[in-house]
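Enquirer: Here Swiss-Prot flags Lys38, Gly39, Leu40, Val41, Lys42 as GTP binding site, drawing on sequence analysis. The annotation 5-phospho-alpha-D-ribose 1-diphosphate binding site is assigned in Swiss-Prot to Arg87, Arg112, Asp140, Pro141, Met142, Ile143, Ala144, Thr145, Gly146, Ser147, Thr148, Asp210. Among the features that Swiss-Prot reports, uracil binding site is placed at Ile204, Gly209, Asp210, Ala211, with the record citing sequence analysis.
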Amino acid sequence: MIRDERWEGVYSFEDSPFIMEILTELRDENTGPIAFRKGLVKLGRYMAYEITKTMETERIKIKTPLEETDGILIADRRNVVIITVLRAAIPLMEGLIKVLDHARVGIVSASRGKAPKFEIEMKYVKVPQITEKDTVIIADPMIATGSTLIKVLDEVKKYGKAKRYVIVGVLAAPEGISRIKEAHPDVEMFVAAIDRELNEKGYILPGLGDAGDRAFGAPIKV
């Protein structure tokens, strides 16, 4: 895990050969939807494991069949809310919840409009009550302009004040990270990699394309 010195609380996993191998497959234009979804699940699971290293633990006493001994409990793992940003984050959330299996789950449908305005439309919000003990994890694979996540954070914070707000993504652009940190300085961010820049259409370069379309197929207009 690498802390990026350009921002407070922003981390990437570019030092992990395993995560970089998964990311390489996700970037490859020849990777089909099934393998793409499986890759997102694997990333979510491994990144959740890494995030547990930042959670508070407590020592507990247990009894084995032979004697009493000390053990460890990851206390924060019992108080997690995962917010899934539809639709691309569904496989990522599936991986996260394999490790954070006590998590309550919220669903947000938010989509970004076209350049140059990139207006955000939020159609559906179902979020559980949030308490001061909770770590709120917002799953969204692509952190591009940051507009969607700013809007989601604005909405999620209406449901209660959390102990931590964490964004988990696959790729992020520096422009999006800066915008999110300016709007919500308290948020932490964990991504597989931080890419170079955005193009004129708001896509991350070198990126991996539209994560939702690659995972589930391109939608059609009727």
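Quick reminder: no glycine exception, Cβ is built from N, Cα and C everywhere.
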Enquirer: Out of Lys38, Lys42, Arg87, which of these binding-site residues shows the lowest number of other CB atoms within 10 Å of its CB?
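Expert: Selected from the binding-site residues Lys38, Lys42, Arg87 on minimum Cβ neighbours within 10 Å: Arg87.
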Enquirer: Among the binding-site residues listed here, Asp140, Asp210, whose Cβ has the fewest other Cβ atoms inside 10 Å?
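Expert: Among the binding-site residues Asp140, Asp210, the sparsest Cβ neighbourhood within 10 Å belongs to Asp210.
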Enquirer: Closest to Asp210 (uracil binding site): which of the binding-site residues Lys38, Lys42, Arg87, Thr148, going by Cα position?
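Expert: Considering only the listed binding-site residues, the nearest one is Arg87.
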Enquirer: What kind of secondary structure is Met142 (5-phospho-alpha-D-ribose 1-diphosphate binding site) part of, going by DSSP in three states?
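Expert: DSSP call for Met142 (5-phospho-alpha-D-ribose 1-diphosphate binding site): strand.
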Enquirer: How big is the Cα-to-Cα gap, in Å, between Met142 (5-phospho-alpha-D-ribose 1-diphosphate binding site) and Ala211 (uracil binding site)?
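Expert: The Cα atom of Met142 (5-phospho-alpha-D-ribose 1-diphosphate binding site) is 7 Å away from the Cα atom of Ala211 (uracil binding site).
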Enquirer: Radius 10 Å, atoms counted are CB only; among the binding-site residues Met142, Ala211, which position scores highest?
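Expert: Per the Cβ count within 10 Å, the most buried is Met142.
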Enquirer: With an 8 Å cut-off on Cβ distance to the Ile204, Gly209, Asp210, Ala211 Cβ center, who else from the chain surrounds the uracil site?
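Expert: Counting only non-site residues, the set is Ala88, Pro141, Met142, Leu171, Tyr203, Gly207, Leu208, Gly212, Asp213, Arg214.
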Enquirer: Can you tell me how many other Cβ atoms are located within 10 Å of the Cβ belonging to Gly39 (GTP binding site)?
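Expert: So the Cβ neighbour count for Gly39 (GTP binding site) comes to 26.
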Enquirer: Rounded to the nearest angstrom, how far is the Cα of Ala211 (uracil binding site) from the Cα of Asp140 (5-phospho-alpha-D-ribose 1-diphosphate binding site)?
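Expert: Here the two Cα atoms are 10 Å apart.
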Enquirer: Out of these binding-site residues, Leu40, Ala144, Gly146, Thr148, Gly209, which one has the fewest other C-beta atoms within 10 Å of its own C-beta?
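Expert: Relative to the other binding-site residues in Leu40, Ala144, Gly146, Thr148, Gly209, Gly209 has the fewest Cβ atoms within 10 Å.
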Enquirer: Using C-alpha atoms only, work out the spacing between Lys38 (GTP binding site) and Ala211 (uracil binding site) and round it to an integer in Å.
Expert: 13
Enquirer: Around the recorded GTP site, report the further residues of that chain (criterion: Cβ within 8 Å of the mean position of the Cβ atoms of Lys38, Gly39, Leu40, Val41, Lys42; site residues excluded), sequence-ordered.
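Expert: Once Lys38, Gly39, Leu40, Val41, Lys42 are set aside, the remaining close residues are Ile22, Ala35, Phe36, Arg37, Leu43, Gly44, Pro91, Gly95.
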Enquirer: What three-state class does DSSP give Asp210 (uracil binding site)?
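Expert: Its secondary structure by DSSP: coil.
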Enquirer: Ranked by the number of other Cβ atoms within 10 Å of their own Cβ, which of the binding-site residues Val41, Ile204 ranks first?
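Expert: Selected residue: Ile204.
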